[in-house]
Each structure stands twice: as C-alpha cells, then as structure tokens.
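Beneath this line is the structure, given in structure tokens, with notes to follow.
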Amino acid sequence: MGGWAIAVHGGAGVDPNLPKERQDEAKQLLTRCLNLGITALRASLPAIDVVELVVRELETDPLFNSGRGSALTEKGTVEMEASIMDGPGRRCGAVSGITTVKNPISLARLVMEKSPHSYLAFSGAEEFAKQHGVEMVDNDYFITEDNLGMLKLAKEADSILFDYRIPTIGESCSSVVDNPPLQMNGLPISVYAPETVGCVVVDRQGQCAAATSTGGLMNKKMGRIGDSPLIGAGTYACDLCGVSCTGEGEAIIRGTLARDVAALMEYKGLGLQKAVDYVIEKRLDGGGKAGLIAVSSKGEVAYGFNSVGMFRGCATEDGFMEVGIWE
C-alpha cells in the first residue's frame, strides 16, 4: 500500500484569456475541496465517503458547472447528472435529468446502496429521491444570473456553449460565431470549455472510488445525457484505480475513457500515469477534447488533458500537493 491519495477537477478546457480573479477563485475552491478530502482521509474515512463529501462541496458552490450554478437547457431549466463508483465490488450508482435534488451525487450513491438498480433518470430518479427523504429545492435554486446571460448569448449565436461563462457577460457573441467551429458528432459547435466536477480517492486500505457530477451543456436539448453518469465513460473505479473524466462528453463516451485507463493497467500492465497518457493521446478520436484525473490502489495520483487547460488539484499522504489550471 502506498498510502492515501486524492484528486479533484473542475473541468477541462479553459479560456486562455480567463481573468486572473476567476483563476484565483477556482484555485481557492479546489484547494478548499482538497483540504476537506485530506482531513477526511486523515480521519480514516473510506474512499467512497470522501469522494461523495468532496463532490457535494463542489455541487454546493456555484463556481463550476454542477449542482448550484449548473448550465441551462434550451428551455432555461437545469437537468443535472452524476455518478459514483466504489472500487471494491465495482458497485455503482448514477442519475440523470435531476431537477430538484440539491446534491445529485448523494442521490447517485443512494441508487447504488438503496436500490436494485445502477441508474435512475428523470421522474423515476426524482421519485426515488422523495421516497428516501433527500433534500429537495426548487429548480430556480440552481439558476444563476451568469447562466441566464450565457443562455441568451448561446441562443443569439444559435449554438451550444460548453463553458457557460465564455465569452463573459456583455461581450459580443460575434467572437463565438466567427471562430472556426469545432465539431461534435460531425456537427459544428462554437466553444469548448466544459466545467464538470469530479473526485477520485484511494484510502489507506488501498480502496479506490470515483465520483463525477455536472449540469451538462449550456443550451443543450432537453433530455440530453452526457458521459458523467455513464459508468466506464465518465466515471470508473475498481481494485486497481479510480477515474473521473471531463470534457467533450460525446468523445468520452465513444472512447470509454475511464474504463480504458483501468483496462490498460489490468491487461497491459501499464502504470497509472502511462495508462492516463495513452488514453488521452490515443482514445480521443475526431479531435475530441477531454481530461481526466486518476488514483491507483498503490497510492499514486495522475492526470492528463489535451485541452488548453484543466482545473485540477491533487495530494498524497507523503505531503505532495498541487493545484493548477494550465500545463
């Protein structure tokens, strides 16, 4: 056993002109979440408890795209999704289409532990939450003024905006339209910079867990489901590692990124960082942009991304700690 390790992310794909104040806010939140996880690990909480605890904190803060502050659908509402996975036994739970549950990641864990299923969505997931006394709020709780402004820009540009804060409010949307478009599933999109959140942990017993939560894409179609709640795509944990992904959901789904990290370790004997590097370099077809964080049962931590940047932080029991955005 190599001791505990933890990593968090707030999304891959960052505006290179992101104001310093916003960068500082992101780093402060990531540091706070890392310290929350570190305290829990030092208190010998199991990995599954720590990933839920940290992602709940990220969902509660409106800075990133999960929980409060989630991106808005084409109808101006919020549909959130999340998944959690416990390496021992590969138990998992996932939810989609969540509109009134304050912390979707905790509902995903309830699906894992209190239902015979692995995945519940939309009205069925909401009803399950009510049956188990989960804290509920009005959909308006998740909607911020920034999001309303960015939805307006997205509609004016007739586009899906990956990062609902780019361009900044008040900036002309012409910059969105004039740039050469990227593509998603062969269709043009204008901005790439998602801000999904996630956490991966290995505890002192060498047990791994992973959790991912998101509001999805700004101006997305009602009912769209991305990679975050899909086990093996956006989230995966087993006896070897825990992985949480962020980025272009459709590319992550096609590449089954999270599971492939574990598969490379299991079948080819690659180390954690080499497996992460291979997945980022070889498994993102069609120009897909993404990033991921990972821990191993040996107490290692790793990350990788092929986008401009990724909001991330990581720490290990031997005293290593890092919070960063760029390469």
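Every residue, even glycine, has its Cβ placed from backbone N, Cα and C.
These features come from TrEMBL:
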ACT_SITE  Thr196  active site, nucleophile
BINDING   Arg224, Ile225, Gly226, Asp227, Thr246, Gly247, Glu248, Gly249  substrate binding site
Cβ packing number for Ile225 (substrate binding site), 10 Å threshold: 19
Sequence-distant neighbours of Asp227 (substrate binding site) in its chain (C-beta under 8 A, six or more apart): Ala233, Gly234, Cys245, Gly249, Glu250, Ile252, Ile253, Leu257
Thr196 (active site, nucleophile) and Thr246 (substrate binding site), distance between Cα atoms, whole Å: 6
Integer Å distance between the CA atoms belonging to Thr196 (active site, nucleophile) and Glu248 (substrate binding site): 10
Tertiary neighbours of Gly226 (substrate binding site) (same chain, Cβ under 8 Å, six or more apart): Glu81, Thr214, Gly216, Leu217, Gly234, Gly249, Glu250, Ile252, Ile253
Residue among the binding-site residues Arg224, Glu248 whose Cβ has the most other Cβ atoms within 10 Å: Glu248
Densest Cβ neighbourhood among Gly247, Gly249 (binding-site residues), 10 Å radius: Gly247
Which same-chain residues, if any, lie at least 6 apart from Thr196 (active site, nucleophile) yet have Cβ under 8 Å of it: His9, Gly10, Gly11, Phe64, Asn65, Ser66, Thr212, Ser213, Thr214, Ser228, Gly234, Cys245, Thr246, Gly247
Neighbouring C-beta atoms (10 Å sphere around the C-beta of Thr246 (substrate binding site)): 34
